[in-house]
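The compositional bias 'Basic and acidic residues' annotation in TrEMBL covers 50-64. Residues or ranges marked as compositional bias 'Polar residues' by TrEMBL: 70-84, 91-100. What TrEMBL records for 353-509 is domain 'Nephrocystin 3-like N-terminal'. Residues or ranges marked as region 'Disordered' in TrEMBL: 1-114. Marked as repeat 'WD' by TrEMBL: 988-1029, 1031-1062, 1073-1114, 1114-1155, 1199-1240, 1285-1326, 1332-1369, 1433-1456, 1469-1502.
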Amino acid sequence: MSAPGERKPRRRDRAKGFLETAYRRLTHKPSRLPSRSRSLPPSPTSETDTQSHEHFNSVDKSSEDPISDQHGTTNLSCSSTQSKAVPPPGRSSNEPQGSDVQDELPDGSASLEQEDSARTLFQAEAGHRLPSFGKTSYAVLKNTLETVVAVTDFFPPVKSAAAGLLVICQAIDAYGDNQEESEKLLQRVAALSTIMSSFPRADDDVLPEVRDRFSGLSRTINQYKESLEAMLEQNPKSKAVRVFLAPQQKAELLKLGQELSFAIELATFESTVENGKRVLCVIKDIKWLKESNMRIEDNIEVTRTIDKSVRKLLRSDLLKKLGDVDGAEFSNPKQGPGCTAGTRLALLAKLLGWVVDASSSHVFWLTGMAGTGKTTVAITLCTQLKQRRLLGASFFCKVKEKGQRDVYLIIPTLARIVAELRPKFGDALEKILETDEDCRHPTKMPIRDQYSKLILQPANVAFSGSNDVILLCVDALDECEDKDGVKDFLEAILPENPSVPLKIFLTSRPESHLKDSFRSSPHHDSFHLQAIEAPIVQADITLFLTTRLKGVKAIYNAYQANWPPPEINTIAQFCGQSFIVAFTAYKYINSTGNCLKRFQQFVQRSSNYKLLGIELLYKQILSEACQGLDADEIDMIHSCLSLLVTASYPLSIHDYAKLLATDTSAIREAFKSLHSVVQIFGEDQDDALISIFHASFVDHLTSDECQGEPYFVKILQSHSATAEACFAVMDSSLHFGISGAATSYRSNVDQPESLKLATELDYACGSWGRHVLGAGVTEPIQGNMRRFLEGEKLLYWFEALSIMRGINDVITYVLDDILRISMQTSMPAELVELLTTAGDFLRNFRTPISHSAPHLYLSALPFFGATGNPSRISFPSFPSVPTIHRRATGGQEVSTFHSSDNAIYSGFSPDETRIVCVTEGNCIQYWNTQTGEPAPVSIEGTPSIPVGEATFSSKGRIVAISGASTRHGDLNIHLWDSETGQPLAKPMDSHAGRVRCLAFSPCGEFLVSGSEDTTVRLWCTQTGDSALPPMQGHTCMVRSVAFSSDTKYIASGSADKTVRVWMALTGAQVLKLEGHVDQVRTVAFSPNGKHVASGSFDRTIRVWDVETGVLTATLGHASNVTSLTFSPNNRYIASGSGDGTVQIWDSEAMEPASNPLRGHGTTIDTVFFSSSGKYLASGSCQMTRVWHALPQATVSGTPAFHTQEITVIKFFPNGRHFASGSRDGTIHVWDTITGQPASDPLGGLGEVRCLAISHDGKYIASRSVNDNAIRVRNIQTGRTVFEPRIPHGNFIHSVTFSPDDRYFATCSNDATVCLWDAKTGEAHLVFEMPTSDRVTSMAFSPDGGCMVSGFHDGRIAVWSLHTTDVPTLKPVFEGWSDEGGSDSIIFLYFSPGSNESFVSGSDNGSIQVWMLSNGSWQPSMLMSRIGNDYDHTCIAFAPNGKFVITRSLDNTVSLWGAKNGVPTCLKTYKDFTGRLSCAAFSPDCEYMVTGSTDATIRLWRVLAHDPTPELLSNSRAQQTSEAHSFLHNVPTGALKLCDDGWIRNSADDLLLWVPYECRSGLYYDPTQVLILGNITTSKVELREAVYHGKDWLKCGELNVVSVGKGRPWPTFSDESADLDPSPAPSS
C-alpha cells in the first residue's frame, strides 16, 4: 500500500519498471563467479515467489479450470522432475532471493523483490489466468529462466536469450487472449529453458555449431523484446496496461508469440512426422542434455499421401501436358544450400508466422538486391514447410536454364508437382485437363487462365474446408525473360485472396516492372532484406563464415585454440550486408593452394576491399587466376569466361572442350583457380555442368571497369566467337543419318533405341542463331551463315533438330532467330533470301521433321522439290525416295483456307508467316500463309456476342471487335489480345447504334469507329476512354473509317454517298468529298498520305487528293466495290467486289495491273497486303485466299479452270467427254482420259444452271441465271446457233435434247413444258400441264415417241409425242412416285435401248423402276428412302438406277446402292475442300463426276464395294515395284490418309507425310481418276521409293531394282512385321 498522501505509481509505470529491471539484468556481472559444476542443487521456492503465486491464485481462483493441473504437462515429454528453482551460488535456499543481487546492482536499480511485486501486479491486475500449461509448471519455468539469467555469464547469448524470454513470456501471459498459441509458446520455452539451465561452462563441451545457433537465437529474441517494448510504449493513457492494448496490438502480440515459437524450433529442434503427427526433437548436437528424449508433439494431423492415387496420377498422360521442367524444385542441389543454422531466424520465423496465419495476405514478396540471400531464405523456408507438410510446390527461376526462365511454365509445373503429392488436387486437376477445351495446351494458355484453371479450381475442390495451408514458392521471378509475362503472372495472382488456404511466396530483385505490379495491389505482404538492421546481418554473415571456415582444416588447426578468430569478424565487416560477397570470399579462401596464407592475406587487404566490395574481390580472384600464366593459358581462361557469359544455358566440361576445340583437361585447368566464382558439379566427370554462383560475376566480367584486363569479356566479340564455334561444331559433326533413327516406320519417340545428339552438337544446332544476333550479324558471321545455308549441312541440321528435346519449342525459337536475323538492316538480299527459304522449309515441313527424322528425306524433300519454285538453297540428291508429280495452281494464288465460321476480318502477322482472322462466332483463328494449314490452337474471344466488325493493330497483337446487331444488347467495342484472347481495356460504349467499322492508328494507340448513329469516334486503346467528342456530319450510317499513315487524318465513308476527312487531333472536318451515286462502302489512305481512295456500291473506285479534295482518278468493277487497300510501297491498289473478283490496279497509270483474281465466288469482304507487300490476301464469307501480290501482265482470255462454284455437269453420250457449267459464266468440255479441255471454254453466259448435250455431241444447250435465256452453241466453234430465247416461266429446271436432235425441251416452274426447234430456236409447242405444280425434270424415250415428266409434288406423267409437221403431246399415264409421297422428282432416265422402262429418283433418295405392262406403267421400288430429308441431299442418280450420290450435313459425299431395296452406303468420299454442288454418272455407269463450290471437278471410277480379302491377297501376291508404281494404284483399303497428313498402312507404319495444301489435290484414292480445278494436285510415284523402314539410310543410293535391291512399300501389315523388328514402346 502507498503511504497517505503519497502518489500512487501508475500501473503502466510499474509494468515499465518491471521491464527495465529485467533488461538491466543483461548487463549485470556478479562479482562471485560460480563454480564449474554442471548441476546445481535444488532449492525451495522463495518466500517472495510463494506470496506472488498465492496472490495470483487468489485473484484467479473463481475462474480456475478444475482440470488445469492435468494439462500442465500435456505434450511436453521431459524426464526432468525439478519443481523448485535453483538459487544462485552462495545463497541459502531460505534466504530471500534477490538480496545479494540487490547489493551488486547499480544504484537506482529495482530489487528482485520489487520486480516480483511488479510482476505480481502485472499478472493480477490483468485478471488473466495462466494458460493450461499449468500454474506450477509456469512458476518453475519463470524461476528457471531467472536462474539462467543470474548464473550464465560464461556464455552471454544464453543469458541474453533467457532474460528476453522471461520478459516476453510474462507479457504474453498478461495480455495474450489466445490460450492455444500461448500454451504452444510456453511448451517450447520450457524445453529451451531446460536446455539453457544445464548449458555447459566448458567450451569443449559445446559444439561451435550449437553456440552459433544460440547466438542467432539470442539476437532474434532481443529483436522481439525490443518490438514488445516499442509496442507497450505506444499506449496512450495511464490506466491499467491490459485495458489499453488495442485489438490490433493484441494481434501483433499473438503474432510475435507465433514467430518466437518458430524461431525456437528453427534454432534447437528438428521436425519429424510420426503416426501422422509432427514431432519436434532436440537437435542431436545438444549432447549434454540428459533429457535426450525431450520432444514436443503438435496435436495436428498432417496430410497423408495415398500411394495408390499418387501412382495413378504419376502415370497420367494428362499431367504430361503440364510440361517437363526438371530441376526447378528447391530440393535440387544446384539451387545451393539453405541458411546456416542460427542465421536468419527472425526472418524465417516471420515467414513461418505468415504462412500459418489465416488472416494474413495470400502473397508474400521477399525482395532484396543481388547477393542478399533471397534464394537461400527460400530454400530454408521450403525445407521447413516440407517438414510441416505445408509445402505445395516450388519453382526456382534461373535465367541460364531454358525451362526455368519461361514464366509460362511456372504455374503448370507447380500444378503438376502439387498433383503428384496431393491426390485430391491431382484428381480435380486431371478432370479439368480432360474436360476443359481451353486446357488442351496448358503451357500456352494465358497466365490468368493457368492460375484459374490449373491452381484455383482444383484447389477449391481439394482443399475446401481444410485448415491446412498449402504454399507455393516461386524464387527469383526477376530472372524470367518475358517481362510482360511476369506482369501477367503478378496480375493473375495478386488481385484477391483465394477461397481456400492457398498462399504464394515470391522472391525477386526490386526491379521496376515488378515494383509497379506490387505497388498497384494491396493484397500482399512484403519484406525488403535491406530493412534488416546491419548488426543483425553482420552477425548472420559472421556465423556463416565461422561455420564454413571451420571446415577448412588448415585454418581451423591454426586457430583452434582461439576459435573463432577475430579475423573472421574482419572479413564479415568487409562483406557488409551481402551474402554473395561472404560466399565468394569463402570460396576464394578455400580454393586450391595455401588456404591459410590466402586467409591471412585476405584479412590484411580487407580494409582496402571494403569500399569496393565484391568488385574488388572478383578482380583479386581473376588477377590471381591469370598470374604467372603463359599467353595461351590466359587466352584459354578468357575463352572459357566468354563462353560462360554468352552460353544460353549451363554447359558441361565436355561441351566447353568441343566448342573451344580443346580437351577437357585444358578446361579443368582454366577453371582450376576460379572455383570461388564458378560452380562445377562433379568436377571429375566430363559431363559436369559449369555455372556461376551469382549473376554479379557476369556483370563484373562485362563491366567497363574491367577493360584492359585479360579477363574482360566483350559481349559482341564473345557472341561472335561462340557463333563461329557453333558453326565449326556443326560443320564437323553433322552428317546424313545424324539422328540415329533405325526405321522410317516409327516416330522419333518410338524408335527401338532413344535418339539423342551429342550435347555440344545439340547446343550448337539450337543456339547458333542467338549468338549470331548477339554478335550483331557481322560480315564474318554472314560468310559463315552463307556457307552453312548453301551447303549440304543445312539439311542435316534439320535432321538434328528433329530429335532435340522439346522439338516444337526448339523449332519455334529457331524460326524466331531466323526471322530476327533476316530483319537486320545490314543483311545482303541474297542472304535474306537464303534465311527466308530455310525458315519457310522448317515451318512448312515442321510436322515430319519434328515427328520422324527419316521423313525429312522420304517426305519433306520430295514435296519441297516438286514445288518447282526457284530457290538459292540446293539440297543433296536422294534418288530412292518417292517422286511427286505436282501441278501447281498457276497464276498468283499461294494458298486457300476455310474458317469454321464467317470471317469478319483478317490480317497478316507481322512476320507474314500467318494469317489471323476473327470469325462471326467470336473466335480468333490462324493459318500458315504459304500452306493454308490451320494453327493447332484457335482462341475463343471474351465477349459472348456474335461479332459484327473487327480489325487488327499494325503489329497484329491487338484486335478490336464490336457486336453484330443491336438485338444482342451489346453496342460496345472490345479490345482483345489476339494471342491470349484476354481483354485489354474496358469496353468502349458511347455509340448509340451498332458499330459498322473500326480502324487502328498506325502506332496502335488510338482506335476510330463509325456507327449507324452517323458519328465517328476516336478512342484511347490504353484506357478505353473516348479521346475526342463525336465527329458529326454524316447523315447516314458510317460504313468505313481509316487513319492516314502519319495519324494526322481520319477518313470516313458513309451510306450518305460522301467521304469526309477529319483532323485526328481535334476532330474538325477538313474535306467533304462528293461524287459517288451510291453508298460508300470502303475508304483507304495511300501510305504516303497524299491520296484517299473510296469504293462504292455504284461500282466505282474514286481516288482523291487529300490536300485539295480534287478527284484524280476513277476506276470500276462489274459489281459493288466492297473493299480496297494500298500496297505498302504506294504502287498498287487492290480492290474487292461483289462479283467475287479481286483486282490489282497500277496507282500511277490508274489501270489494271493484272487479270482479275478469281476464285471466291461470293462478295469480297476484305483485301489486305502483307507488311512487305509480297502477299495479298482476300476474304469472303468462310474463305480466305492468299495471292502473290506481284502483278502479271494483263492477258485476255478465259482461265483454264473454273473460278467459281460448279453448278451443273453432264456427260456426253459417248462417255468420253463431259461438260461443266459454273457460276463464273463459262462452260468447259473435258476429256476423261487426258483431263485436258476438249474445246475452248464457252463464256459470256452468266451463271449456268442447266445443260443439255446433243446426241451427236456437237451442240450444248444451256440456261443462264442472269437473263433466264436458253442458248444453243456449237461446241467446236463456240458460236450460238440462234439468238438466245426467253422461254416460258421465270425458272427453267431442265433442258434436254430429243433422240434425233431436232428438238430440245424445257420444263419450268410455271407447270409448262416447251418443245423448241434445235436449229432455229422456234418454239413449236408450249404444253400446260393439268396441274399447277412445278415441272422439275423430264426425259425422252430412245425412239422419241414418248416423254416423261416429274413434278415437285412427286407425281410422274407420261406423254406420247408426235413430231410430224406440228408436234403434239397427249397424256398417257399419271402416277405417284414413292407411294404417293410429296418428294420432288429430280431425276428421270429411260433405260438405254428400251422404250418400255424408265427410272425415277426423288430428292429423298428413293429410286423406282417403271415398266410398261399391258399398256400401263407400273412402278416397282428399287431403293427406298435414304435416311431422312435432313441427313442426306441427293445430287445424282445413275442411269441404270443402281446408284445414288448424296451429300450429308458434314459435307461428306456418299455413294449408295440397294440390297433388297434397302439403301446401302458403298463408299464415302472425304476429299472435298468445298461443298458438293452437282454430280453426274457416265452413260455406262462406270464413272461419275462431281463438282463442288470450290470450283473443283473430280472424276471417279465407280466401285460398288471395297475389294474383298481375297482380292487384297491376290493384289499383294502380285505386288512388284511396277504393280503399284503410283500411290493411287495401291488397292483400296490397304492404306489410309489420316487427318494429320500421314499415310499409314494397317500396321500403323509411317509411309509418307503429305503437306496440308497437297491433301485435297492428292491422287490417293484408287477410284479417283482426275482432279480438275485451280488447286494443287499431286501424284506420288513409287517406282524409285524402294528404301524405307530399316533400309531408309540407303535412300541416297541409286535405285537398282533390276538387280534385286530395294522393295516396294509395305502396303500390308505383315510386310512391315517381317521387315522391321517390333519397336520399343514409346515412353
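Each residue, glycine too, has its Cβ placed from N, Cα and C.
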Counting a contact as 3 or more Cβ pairs under 8 Å, with residues at least 6 apart in sequence, do the repeat 'WD' (1469-1502) and the repeat 'WD' (1031-1062) touch?
no
Using a Cβ cut-off under 8 Å, which residues of the same chain at least 6 positions beyond either end of the repeat 'WD' (1114-1155) come close to it?
891-892, 1081-1082, 1084-1088, 1091, 1093-1097, 1099-1103, 1161-1169, 1171-1173, 1176, 1178, 1180, 1187, 1189, 1191-1195, 1204
Taking DSSP states H, G and I as helix and E and B as strand, how many residues of the repeat 'WD' (1332-1369) are helix, strand and coil?
0 helix, 22 strand, 16 coil
For the repeat 'WD' (1285-1326): best-contacting stretch of 1199-1240, 1332-1369, 1433-1456, by Cβ pairs under 8 Å:
1332-1369
Residues in the repeat 'WD' (1469-1502) grouped by DSSP into helix, strand and remaining coil:
0 helix, 18 strand, 16 coil
By DSSP, how many residues in the repeat 'WD' (1285-1326) are helix, how many strand, and how many coil?
0 helix, 23 strand, 19 coil
Stretch-averaged pLDDT - the repeat 'WD' (1433-1456):
81
When DSSP states are grouped into helix, strand and coil, how many residues of the repeat 'WD' (1199-1240) land in each?
0 helix, 18 strand, 24 coil
Mind tallying the repeat 'WD' (1433-1456) by DSSP state, helix then strand then coil?
0 helix, 14 strand, 10 coil
